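Heads up: the structure comes next, in C-alpha cells.
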Amino acid sequence: METYTTDDALTAMGFGKFQALVLVYAGTGWLADSMELMLLSFVGPLIRQQWNVSAQHESLLSSIVFTGMLIGSCSWGYISDKYGRRTALLFSIILTTGAGFLSALSPNYTFLLVFRFLVGLGVGGTHVFSSWFLEFVPTKNRGTWMIVFSVFWTIGTILEASLAWVVLSRLSWRWLLAFTALPCFLLLLLFIIVPESPRYLCVQNRLSDATVVLERMAKANKVALPPGVLTYHKETQLVGLAQNPISQNGHLPVRENDCTADNAMSSKSGGIEALRILFSRKFIRSTLLIWFVWFANAFAYYGLVLLSSQLSDANRRCTSGQKSEVREKNVNLYKDVFITSLAEFPGLVISAIIVDWLGRKATMWILLFGCCAFLGPLAVHQKESLTTALLFGARACGMGSSTVLCLYAPEVYPTSARSTGVGIASAIGRIGGIICPIIAVGMLRSCHQMEAILVFELVLGVAGVACILFPMETKGREMK
C-alpha cells in the first residue's frame, strides 16, 4: 500500500492560502508579544513620575515581566508538547489578554507589578506560535518564510512606538496598556478556527486527525494530497557515520525509520521524553549552545530597546550634570525608539537574503559580530545623531540574529521535543531580559556608560563564537 509522510504532503501542497492564514494568525501573536515588550520602554518613566518610585523600582517593572516570561516559556513549551499546540496557545492568550486589561486598572504600583508578571507569564507562551507556524511550512524556503513571519514582530515594535507617541501625548499610560492588549483579544475571538499541528498529531499517533487537517489544507490550497495513506516516520536517524560522517555541504546524513503505535510518544510521557531528547548525546551540545546564544540575543535585543530610551538622556545628563526636562525627554524618547525600531526592517531583509545562502550558523555569527561593531563606539559619549545611527545599525543586526535563531532552534529538535526545547531556550533568554535593565538602566543612570557597553560587547562576542561551534547546519534539512 502506498504511503506518504507529513513532509511529503506539505511539499506537495506548497505554501498556499491555508499557510498564509496560519502565518497571519501566528504573526499577530508575535506582534502582540513585541508590543507588550516595547511597552516597557514607555511605561517605566511615567510610572516613576506618577507614583514617585525609585529608579530601582522602575527597572523592576521590566524585570518582573521577564521573570513571568521565564516561567511561562518553560511551562507553555511543556504544555504544548504534552497537550498540544492549540491548548498552549489558548491559555497563554487568555492569560495575556486578561492580565493586560487588568494592568490598565491597577490602583497602585504593587498591583501593577502583579498584573505585569501575569502578562509576562502569558507572553512566555508566544514562542509556541513560531513552532506551530513552522510545522505547517514545507522545507523549501522555510528560512525565508520565518523571516516573513518575523516581520510581524517589527510591525509590533513600530506600532507600539507610534501608539505611545499618539496616546501618551493625549491620554494616560493606562490607555496605552489597554490598547496594547487588543491584538491578543482579537486572537482569542478567532481561536475557534485554529487547527492543531499535523506534525504534533502524527507524533501522538493520531494519524486520522492529522489526515483531516491535511485534507483541510489541501482543500484550501486547491491541490491534492499524495496518493496513499498517511504514515509517520518517527525520528531522523544518523547512518553511515563511519563511511561518511559529514557531507560536503556540512549537513548530517540521515535516514528515516518507521514509527508504530507502540513507539509513538504518548501524551502522558511527552514532557519527560522531550527532556530526555534535549539532554541526549545527540542534542546536548546543541541544547547548551542554543541556550547561551538565546540568552545573549535576548540580553542584547531588549537591552538595545532600553538603550534607545536611556542612552541619549544619559549622555545629556552625565555631560551637563543636569537633569533633562520631562517634556523634552519624552519627545526624544518617542523619536529615538521609533527610529531605531525601523532598523528591524533592514535587519530582516539582510537575514532573509543570506540565511538560505550562507546558512543559519554563518548568518547568526556574522550579525552578532556586526552588532558588536556598531556598539563599540558607544563606549564613549557621542553626538545624539551618531548615537541614534549606531543604535540603528546594532538593532538591525540584533533583530536579524534573533530571527535566524528562532528559525534554527526549531529545526534542530524533532517534533516530539520541539516546543519544550524552544520553550526552555526562550526561558533562558528571559534571564537575559531580567538582567539587561540593570545594565541598560542602572549603569547608565549612574553614568557608567563605558562599562555598560563593554558588558554588551562581551556577551555578544562570546555568542558569536558559540554560533560557530554549533554542531549542525539545518539549511535544507527536513523537520522531523
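A Cβ is built for glycine as well, from the same backbone N, Cα and C atoms used for every other residue.
Database features, via TrEMBL:
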DOMAIN    22-475  domain 'Major facilitator superfamily (MFS) profile'
TRANSMEM  20-47  transmembrane segment
TRANSMEM  59-79  transmembrane segment
TRANSMEM  88-105  transmembrane segment
TRANSMEM  111-134  transmembrane segment
TRANSMEM  146-167  transmembrane segment
TRANSMEM  173-194  transmembrane segment
TRANSMEM  288-307  transmembrane segment
TRANSMEM  337-355  transmembrane segment
TRANSMEM  362-380  transmembrane segment
TRANSMEM  386-409  transmembrane segment
TRANSMEM  421-440  transmembrane segment
TRANSMEM  452-472  transmembrane segment
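In summary, the transmembrane segment (146-167) does not lie against the transmembrane segment (421-440): fewer than three C-beta pairs, each 6 or more positions apart in sequence, are under 8 Å. Long-range neighbours of the transmembrane segment (386-409) within the same chain, counting only residues 6 or more positions beyond its ends whose Cβ lies under 8 Å from a Cβ of the stretch, are 127, 130, 134, 142-143, 146-147, 150, 153-154, 290, 293-294, 297-298, 300-301, 304, 307-308, 311-312, 315, 336, 339-344, 346-348, 350-351, 355, 360-361, 363-364, 367-368, 370-371, 374-375, 377-378, 421-422, 425, 470, 474. Counting same-chain residues at least six beyond the ends of the transmembrane segment (288-307), those with a Cβ under 8 angstroms from any Cβ of the stretch are 37-38, 40-41, 62, 66, 157, 337, 340, 364, 368, 371, 378, 391, 394-395, 398-399, 401-402, 405, 408-409, 412, 421, 424-426, 428-433, 435-437, 439-441, 444, 456, 459-460, 462-463, 466-467, 469-471. When pLDDT values are averaged over the domain 'Major facilitator superfamily (MFS) profile' (22-475), the model yields 79.
Only pairs six or more apart in sequence are counted, and the transmembrane segment (362-380) with the transmembrane segment (88-105) gives fewer than three Cβ pairs under 8 Å, not enough to call it a contact. Fewer than three CB pairs closer than 8 A are found between the transmembrane segment (111-134) and the transmembrane segment (452-472), and contact between the two stretches is not assigned (pairs 6 or more residues apart). In this chain, the transmembrane segment (59-79) lies close to the transmembrane segment (421-440): three or more C-beta pairs between them fall below 8 angstroms, excluding pairs fewer than 6 positions apart. Residues 38, 41-42, 143-144, 147-148, 150-151, 153-154, 157-158, 161-162, 164-165, 304-305, 308-309, 362-363, 366-367, 388, 391-393, 395-401, 403-404, 407, 475 of the same chain, all 6+ positions outside the transmembrane segment (337-355), place their C-beta atoms under 8 angstroms from a C-beta of that stretch.
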